[in-house]
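Asker: Here it is, the structure in full.
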Amino acid sequence: MLKFLKQVGDYAKEAVQAGRYIGQGLSVTFDHMRRRPVTVQYPYEKLIPGERFRGRIHYEFDKCIACEVCVRVCPINLPVVDWEFDKATKKKKLNHYSIDFGVCIFCGNCVEYCPTNCLSMTEEYELATYDRHELNYDSVALGRLPYKVTDDPMVTPLRELVYLPKGVLDPHDLPANAPRAGARPEDLVEKTEA
């Protein structure tokens, strides 16, 4: 009889412990359900890249002196610089410049060491294509004006954690009516219907 009571007592303790574990898990779940979503509705809302973001390289053909410093400092010798020596002016004449962004590691060395500042990093990060050969940008494609998220009228630019009031570090301790980073899908539907 004593052995049976001990088994019942052990079973009760284990049941209470299991209930505690389930309660702890559910408390975490309910805590996350109470929080606001921080999802950004990507095609319609985009986060503004940071100040030192290294995106697509912008190239200014007129400033380039074909010194090939960018090729020498590139860890993978990526930029292709085609030039010829002009005997009349005794200077290099640039014929062609290209970078394959399918191979580029966006380290920024070419931009940093360029003596004429003809290369610069942009905010563009949407370089996806269906064919990898389309990522090989020549001097014309590299020279097109850089795209800025803030200039696109079809996109709502968002700064990361821009909705946090001053002094608040935790994005989950906000009042319910505070502006948020990403709009809920139902809010987007209401905007289009209105």
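The backbone N, Cα and C atoms fix where each Cβ goes, glycine too.
If you look up Swiss-Prot, you'll see Cys64, Cys67, Cys70, Cys114 marked as [4Fe-4S] cluster 1 binding site, on the strength of sequence analysis. The [4Fe-4S] cluster 2 binding site annotation in Swiss-Prot covers Cys74, Cys104, Cys107, Cys110 and rests on sequence analysis. Swiss-Prot lists 183-194 with the feature compositional bias 'Basic and acidic residues'. Per Swiss-Prot, the feature domain '4Fe-4S ferredoxin-type 1' maps to 55-84; the stated evidence is sequence analysis. Feature annotation from Swiss-Prot assigns domain '4Fe-4S ferredoxin-type 2' to 95-124. Residues or ranges marked as region 'Disordered' in Swiss-Prot: 174-194.
How buried are the listed features, and what sits near them?
Answerer: DSSP assigns Cys67 ([4Fe-4S] cluster 1 binding site) to coil in the three-state reduction, placing it in neither a helix nor a strand. With a cut-off of 8 Å between CB atoms and residues at least 6 apart in sequence, the same chain places Lys92, Pro115, Thr116 near Cys67 ([4Fe-4S] cluster 1 binding site), listed in sequence order.
DSSP classifies Cys110 ([4Fe-4S] cluster 2 binding site) as helix under the three-state reduction.
Nonlocal intrachain contacts for the domain '4Fe-4S ferredoxin-type 1' (55-84), taken as residues 6+ away from its ends with a CB within less than 8 angstroms of a stretch CB, comprise 49, 91-101, 103-107, 109-125, 127, 137, 139, 142-143, 145-146.
Within its own chain, the domain '4Fe-4S ferredoxin-type 2' (95-124) is flanked in space by residues 48-49, 53-65, 67, 69-70, 73-76, 78-84, 132, 135-139, 142, 146-149, which lie at least six positions past its ends and keep a Cβ under 8 Å from the stretch.
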Asker: Give the helix, strand or coil assignment DSSP yields for Cys74 ([4Fe-4S] cluster 2 binding site).
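Answerer: Where Cys74 ([4Fe-4S] cluster 2 binding site) sits, the three-state DSSP reduction gives coil.
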Asker: Which one, from the binding-site residues Cys104, Cys107, has the smallest tally of other C-beta atoms lying within 10 Å of its C-beta?
Answerer: Cys107
Asker: Among the binding-site residues listed here, Cys74, Cys110, whose Cβ has the fewest other Cβ atoms inside 10 Å?
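Answerer: Per-residue Cβ counts within 10 Å for the binding-site residues Cys74, Cys110 bottom out at Cys74.
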Asker: On a simple 10 Å Cβ count over all chains shown, which one of the binding-site residues Cys64, Cys70, Cys114 is most densely packed?
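Answerer: Result for the most crowded candidate: Cys70.
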Asker: What is the nearest of the binding-site residues Cys64, Cys70, Cys114 to Cys104 ([4Fe-4S] cluster 2 binding site), using the Cα of each?
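Answerer: If we rank Cys64, Cys70, Cys114 by Cα distance to Cys104 ([4Fe-4S] cluster 2 binding site), first place goes to Cys70.
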Asker: Taking all residues of the domain '4Fe-4S ferredoxin-type 2' (95-124) together, what is their mean pLDDT?
Answerer: 93
